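Taken straight from Swiss-Prot:
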REGION    1-34  region 'Disordered'
COMPBIAS  1-10  compositional bias 'Polar residues'
TOPO_DOM  1-98  topological domain 'Cytoplasmic'
COMPBIAS  11-32  compositional bias 'Basic and acidic residues'
TRANSMEM  99-119  transmembrane segment
TOPO_DOM  120-162  topological domain 'Lumenal'
TRANSMEM  163-183  transmembrane segment
TOPO_DOM  184-188  topological domain 'Cytoplasmic'
TRANSMEM  189-209  transmembrane segment
TRANSMEM  211-231  transmembrane segment
ACT_SITE  Ser217  active site, nucleophile
TOPO_DOM  232-244  topological domain 'Cytoplasmic'
TRANSMEM  245-265  transmembrane segment
TOPO_DOM  266-275  topological domain 'Lumenal'
TRANSMEM  276-296  transmembrane segment
ACT_SITE  His281  active site
TOPO_DOM  297-308  topological domain 'Cytoplasmic'
TRANSMEM  309-329  transmembrane segment
TOPO_DOM  330-355  topological domain 'Lumenal'
Amino acid sequence: MENLTQNVNETKVDLGQEKEKEASQEEEHATAAKETIIDIPAACSSSSNSSSYDTDCSTASSTCCTRQGEHIYMQREAIPATPLPESEDIGLLKYVHRQHWPWFILVISIIEIAIFAYDRYTMPAQNFGLPVPIPSDSVLVYRPDRRLQVWRFFSYMFLHANWFHLGFNIVIQLFFGIPLEVMHGTARIGVIYMAGVFAGSLGTSVVDSEVFLVGASGGVYALLAAHLANITLNYAHMKSASTQLGSVVIFVSCDLGYALYTQYFDGSAFAKGPQVSYIAHLTGALAGLTIGFLVLKNFGHREYEQLIWWLALGVYCAFTVFAIVFNLINTVTAQLMEEQGEVITQHLLHDLGVS
C-alpha cells in the first residue's frame with residue numbers, strides 16, 4: 001500500500017511538472033508571437049476554417065503559420081544573409097572612391113604656359129610681327145630635316161604659335177583631361193597624351209614631310225578620342241555618357257568648322273597665320289582611341305571587348321612601325337641623295353676647272 005501511494009504521488013508530481021512546462025511553453029510562444037507578428041493575414045487569426053487558414057497562410061509573404069492547440073502563431077522565416085555577388089556594379093564601386101589627383105594634366109599645362117611666356121619674354125623684337133614668331137632653329141620645333149633628333153617628335157608640344165593657339169589647347173585639355181585622369185589615373189592619361197603627341201609628329205612626317213610642327217593638338221585630340229574609348233568600354237556604368245559624347249562631337253565639329261572657315265573663307269590677316277595640321281589632329285585622335293582601349297580601366301568585361309583590345313593593339317602597332325620605318329628610309333635616302341649630289345657637284349666643278 002505504501003508503494004502504491006508513493007507511485008500515485010510521483011505520477012501527480014510528473015503531471016504537474018508537465019502542465020507547468022506546457023504553460024511556460026505557451027507563454028513563450030505568446031511572447032514570441034507578439035514580437036514577430038507583422039501584418040498577420042486575417043485568415044491566420046481565425047481558427048474556424050482550417051482550409052481557409054492553410055490557403056491564406058501559404059500565401060503570406062516570408063511568414064509561416066503554425067497551430068498549437070487552440071492558438072495560432074505567426075512567425076517570420078529566418079532569411080539567411082547571402083553575400084552580394086561579384087557583379088560589374090560592385091567592381092565599379094571599387095573605383096568610385098579611389099579618385100586620382102590630376103597631376104599630369106595640371107603639370108603639363110603649367111609647363112606649356114611657362115615655356116610660351118619665356119619665349120615671348122626672350123623673343124627678339126623683330127619676331128613679334130611674324131605669323132609664327134617662333135624661330136625655326138629652336139631645339140624644340142619638329143623639323144623634317146632633323147628627324148634623327150628624336151626628342152623633336154615630342155618637344156614640339158611645348159611651343160605654340162600665339163596666345164589663342166595656347167589658350168585653346170590648354171582649356172580643352174583641362175576640360176576633357178581632368179575627368180579622365182581623376183577616374184583612370186595619372187599614368188594612363190600620361191601615356192595617352194604622349195602617344196597622341198608622338199603620333200601627331202609621326203603622321204605629319206609621313207603625309208606632310210616638309211612641314212614644321214608646333215603645338216599640343218595631337219595630345220589634345222588624343223584625350224578627346226580617349227573619351228570615346230571610355231564611353232565604349234564603360235557606357236553601361238556611366239550616368240553622363242551621352243553628355244560626354246555630345247560634348248566631344250560638338251567640340252570637334254566647331255574646331256573643324258572654324259579651321260575650314262579661316263582657311264577657305266576668311267581673308268583677314270589672322271586667317272593668313274599658321275595653318276592647322278589636320279594630319280596631326282587625325283593621327284593624334286587615332287592614337288588616343290587605340291591606346292585608350294588598351295590602357296583605360298574597364299569596369300565591365302564583355303567578350304567582344306577582348307576583340308576590340310587586340311584590334312586596337314594591332315592598328316596602333318602597325319601605324320607606328322610603318323611610320324618609323326618610313327622615316328628611317330626617308331632620312332637615309334635623303335642623306336644618300338645629298339651626298340651623291342655633292343659628289344656630282346664636285347665633279348662638275350672639277351670638269352669646268354673651278355676649284
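Just so you know, the numbers here start at 1 and follow the chain as drawn.
Here the Cβ of each residue, glycine as well, is placed from N, Cα and C on the backbone.
Among 99-119, 189-209, 211-231, 276-296, 309-329, 99-119 has the largest number of CB pairs under 8 A with the transmembrane segment (163-183).
Listed stretches 189-209, 211-231, 245-265, 276-296, 309-329 were compared with the transmembrane segment (99-119); the greatest number of C-beta pairs under 8 angstroms is found for 189-209. On the 0 to 100 pLDDT scale, the model's mean across the topological domain 'Cytoplasmic' (1-98) is 47. All protein chains considered, the CB of the residue listed as 'active site' has 24 other CB atoms within 10 Å. Broken down by DSSP into helix, strand and coil, the topological domain 'Cytoplasmic' (184-188) contains 4 helix, 0 strand, 1 coil. Here the topological domain 'Cytoplasmic' (297-308) is broken down by DSSP into helix, strand and coil counts: 6 helix, 0 strand, 6 coil. The residues of the topological domain 'Cytoplasmic' (232-244), classed with DSSP into helix (H, G, I), strand (E, B) and coil, number 10 helix, 0 strand, 3 coil. For the topological domain 'Cytoplasmic' (184-188), the list of distant contacts is 100-104, 230, 295-297: same-chain residues at least six beyond its ends, Cβ to Cβ under 8 Å.
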